[in-house]
Each structure stands twice: as C-alpha cells, then as structure tokens.
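Asks: A single structure is presented below for examination.
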Amino acid sequence: MEAALEAARAPGADVPIGAVVFGPDGVPLAAARNARVELGDPTAHAEILALRAAAAVVGDGWRLEGCTLAVTLEPCTMCAGALVLARIARLVFGAWEPKTGAVGSLWDVVRDRRLNHRPEVHGGVLVDECASVLETYFTMRR
Ligand SMILES: [Zn+2]
C-alpha cells in the first residue's frame, strides 16, 4: 500500500489515486496513477492502467493469476470488474468510497457468488493516509 500511496502522490492533473500490481512473489510489476485528464480517457483509472501495464510486463497473456492489486481507494464497478477478469488473487485497498465503491460500499462486485473468480479482499489498509491524500487534493481545489 505504501507503493500505491507513492503512485497516488506522483504529480498529475487527475484525482490522486494510485495502484500497484504485485506478482505472486511480491515483486511490484506495475504502478499507475489516475490519468483520465492527461490521457483524455474516461477508463484511465489507476487500477486499469496498472493492470494493463502488469499484463504487458508478465507478457504471458492477459491473466494475472496469483497477483495482488493494491489501490488507495475502493475500486469502482469498472475496476472491480476488470480485476476479477484479470484473475487477480488478492485485492488490498485503502479508503472507502461511499459514492461509487464496488467492493462493499454500494455494490460488492468482487465477491458476487455468481462469478467464478473471487479475489481475497482486504479493505481499509492505511485508510487514514489514503483518505488524507484525497482530502488534501479536494481541499486545495476549493
Ligand atoms: Zn475505477
């Protein structure tokens, strides 16, 4: 989660959310920051960018089996769906997102029993640090 926080704190125009994918051996494969503004891409959430980059690093198809995704904010429906499709084994996230969260807040996409792959989930990790990066950003924008 420290690495995801570091990605979130990297310079950028979009909301500071960071994500890192770790391989089965715990080695970081890819890190990304939210970049919708820079890329002009509504799907350029930190998780999506990190999943894409990690799959390119693994270079063995699209599956990220045994991998862990750490992200500073509870994933939205798109990202929750994407990490399930990528076969991520473990999801670790920081702050809760009551407005759009899809890992327990509004929906629980990753633990839907109808899906054939359900990652292990750890929410609220370093929650204060993760929330404070976002609070600082929104305070400065006001
Ligand atoms: Zn998302």
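Placed from the backbone N, Cα and C atoms, the Cβ positions cover glycine too.
Reproduced below are the annotations present in TrEMBL:
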DOMAIN    1-106  domain 'CMP/dCMP-type deaminase'
BINDING   H45, C76, C79  Zn(2+) binding site
ACT_SITE  E47  active site, proton donor
Asks: Which residues in the same chain, at least 6 apart in sequence, have a Cβ under 8 Å from the Cβ of E47 (active site, proton donor)?
Replies: A19, A32, L69, V71, P75, C79, A82, L83
Asks: Under a criterion of Cβ-Cβ distance under 8 Å and sequence separation of at least 6, what residues of the same chain contact C76 (Zn(2+) binding site)?
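Replies: Once residues fewer than 6 apart are set aside, C76 (Zn(2+) binding site) is near H45, E97, T100, G101, A102.
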Asks: Return the average pLDDT for the domain 'CMP/dCMP-type deaminase' (1-106) as a whole number.
Replies: 97
Asks: Identify all same-chain residues not among H45, C76, C79 whose C-beta atom falls within 8 angstroms of the centroid of the Zn(2+) site's C-beta atoms; report them in sequence order.
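Replies: Same chain, not in H45, C76, C79, Cβ within 8 Å: A46, E47, I48, P75, T77, M78, A80, A82, A102.
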Asks: Of these binding-site residues, H45, C79, which scores lowest on Cβ atoms within 10 Å?
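Replies: If we count Cβ atoms within 10 Å for the binding-site residues H45, C79, the smallest count is at H45.
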